[in-house]
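If you look up TrEMBL, you'll see 81, 233, 234, 235, 307, 313, 314, 330, 334 marked as ATP binding site. What TrEMBL lists as Mg(2+) binding site is 83. Marked as K(+) binding site by TrEMBL: 109. According to TrEMBL, the L-methionine binding site annotation covers 122, 166, 307, 338. Annotated domain 'S-adenosylmethionine synthetase N-terminal' per TrEMBL: 70-168, in sequence order. Feature annotation from TrEMBL assigns domain 'S-adenosylmethionine synthetase central' to 182-299. According to TrEMBL, the feature domain 'S-adenosylmethionine synthetase C-terminal' maps to 301-445. Annotation source TrEMBL lists region 'Flexible loop' at 166-176.
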C-alpha cells in the first residue's frame with residue numbers, strides 16, 4: 001500500500017480486508033446497486049438543490065420532488081467589501097467606455113489592497129478614454145463607497161493601469177460583417193431563476209440579506225445615529241425556515257461590520273437589531289441568541305486594507321444566494337457581448353416573466369453558447385414541478401420566439417449597450433427595481449407576460 005500523509009489509504013471497494021480494517025463487503029455493493037435506481041442522488045441542475053437531497057422514483061417511474069420543511073441560508077456583502085470595491089471599479093471602467101462608444105469591448109479586472117488599485121484586462125474603445133481618466137474614475141468610485149482610511153484612501157491609494165488591446169483572435173470570432181452573424185464572446189452556460197416567494201420574485205434568504213446591508217448603507221450615508229461609527233465593509237447572513245416549501249421566518253441572522261475604534265459591541269448589537277426588525281417581516285425576527293453581530297469581537301481593520309479584493313469573486317452574492325445553479329461566469333467589468341453577463345441577464349428576465357405570468361411558482365432557465373456562434377446551443381427550462389399545465393419543452397420553444405437570444409438580440413432587447421453597470425456592482429444584479437428615468441435593470445421588467453400567455457394559448 002502506498003503511504004498517505006495524514007492517515008491510512010482508504011480501503012478500495014470490494015477488496016479483501018487488510019491491516020485490521022473491514023473493507024467494503026461485496027454484499028453491501030450489490031445491495032446498493034440493486035436499490036440505486038429507486039433512491040439516488042439528485043442532479044444539482046434539477047430544481048432547487050436546497051430542498052431535496054434525494055429523489056425517489058414512484059410506481060409510474062416519474063420523479064417525485066419533495067417540498068418539505070427545511071432551513072436555507074444566503075449571504076450578502078456590502079459595497080465596501082474588498083471584492084465589491086473591485087467590482088465597482090471594474091464596472092465604472094466599463095461605463096466609461098460604453099459612454100464614449102456603445103460598441104466598446106471591455107474585460108476589466110481590478111485588484112485592491114492596502115492603498116493600491118490595479119487595473120488589468122483587455123479593451124477596445126476610443127482613445128478619448130485615457131489612462132488618467134480611468135484612474136480618476138477609480139478614485140471617485142472609492143470615494144463614493146466611503147473609503148478615506150489610513151490603510152485605504154481614495155486620496156492616497158497608488159493606482160496603476162495595465163489594460164491593453166483586445167486579442168485579435170477573439171475579435172475575429174465575435175465581430176461580424178452582418179449584425180445577424182455576431183458570435184458570442186465565449187463559450188459557457190448561464191442560468192436564470194425566479195420564485196414567487198417574494199414580491200421581487202427572488203429567493204427570500206438572499207433578498208433579505210441584501211436588504212439588511214442596503215438599509216445599513218442608506219442609514220450610514222444619511223448620517224443616522226443608529227449606524228454611528230460604522231465603516232463601509234460589512235457582511236450579512238440570513239437563515240430562513242421553510243414550511244411546505246414556503247419561507248415563514250428567520251432562525252438566525254449574522255452581521256459583521258467594520259467600525260471605528262471604541263465602539264461598544266453590545267450597544268452596536270442593539271442598534272443593528274433594530275435595523276433587522278425594520279427589514280424582516282413581522283414575526284420573522286430570529287431568537288435573541290441567534291442574532292450575531294461581529295461574532296469574533298472587534299472589526300476595525302477592514303476593506304481592502306484587511307483583505308485583498310478582486311473582481312468577480314462574489315458570483316453567488318451577485319445572483320441567487322445559492323438557491324439556483326450558477327454557470328460560473330462573473331459579471332462585473334464585462335461588456336454585454338460577453339454572454340457570461342448578458343445571457344445571464346436574459347435568463348433572469350425570461351424566468352421572471354414566466355413566474356410573473358403565473359405559469360409556475362418557480363422557474364430555472366439555462367442557456368449555452370459557443371464562442372463565435374450567434375445562436376444559443378440549448379435552451380433548458382425547469383419549472384420544479386410547479387408549472388400550471390405548462391409543458392417545459394414547449395415553453396423553451398416559446399422563449400426562443402418571444403426573444404431573440406443571439407448576443408446582439410439580447411443586447412438590443414434589454415438595451416445593454418449603455419453605461420448602466422456601476423449601480424449593479426453591489427447588493428445583487430437581480431431583484432432590483434428598474435429605474436424608468438435612467439432605464440436601469442431592464443432585465444427585471446415583466447413586459448413579456450402577455451406575449452407568453454398568448455403564445456401558450458395558441
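Just so it is clear, glycine is given a Cβ too, placed from its N, Cα and C backbone atoms.
Any TrEMBL annotation is an automated prediction that lacks curation.
The predicted model assigns the region 'Flexible loop' (166-176) a mean pLDDT of 60. Comparing the binding-site residues 81, 334, 338 on other C-beta atoms within 10 angstroms of each C-beta gives the minimum for 338. Sequence-distant neighbours of residue 166 (L-methionine binding site) (same chain, 6+ apart, CB under 8 A from its CB) are 105, 107, 122, 123, 124. Largest Cα-to-Cα span within the L-methionine-binding set 122, 166, 307, 338: 30 Å.
The residue listed as 'K(+) binding site' is 9 Å away from residue 334 (ATP binding site) when you measure Cα to Cα. Of all the binding-site residues in the record (83, 109, 338), the one with the smallest CA separation from residue 234 (ATP binding site) is 83. Of all the binding-site residues listed here (83, 109, 307, 314), 109 has the Cα closest to the Cα of residue 338 (L-methionine binding site). Of all the binding-site residues given, namely 109, 307, 314, those whose Cα is no farther than the 10 Å limit from the Cα of the residue listed as 'Mg(2+) binding site' are 307, 314. Between the farthest pair of Cα atoms in the ATP binding residues (81, 233, 234, 235, 307, 313, 314, 330, 334), the distance is 25 Å. If you take the C-beta of residue 314 (ATP binding site) and look for same-chain residues 6 or more apart in sequence within under 8 angstroms, you find 77, 81, 83, 84, 87.
Among the listed binding-site residues, namely 109, 307, the Cβ with the most fellow Cβ atoms inside 10 Å is that of 109. By the criterion of other Cβ atoms within 10 Å of the residue's own Cβ, the least surrounded of the binding-site residues 83, 122 is 122.
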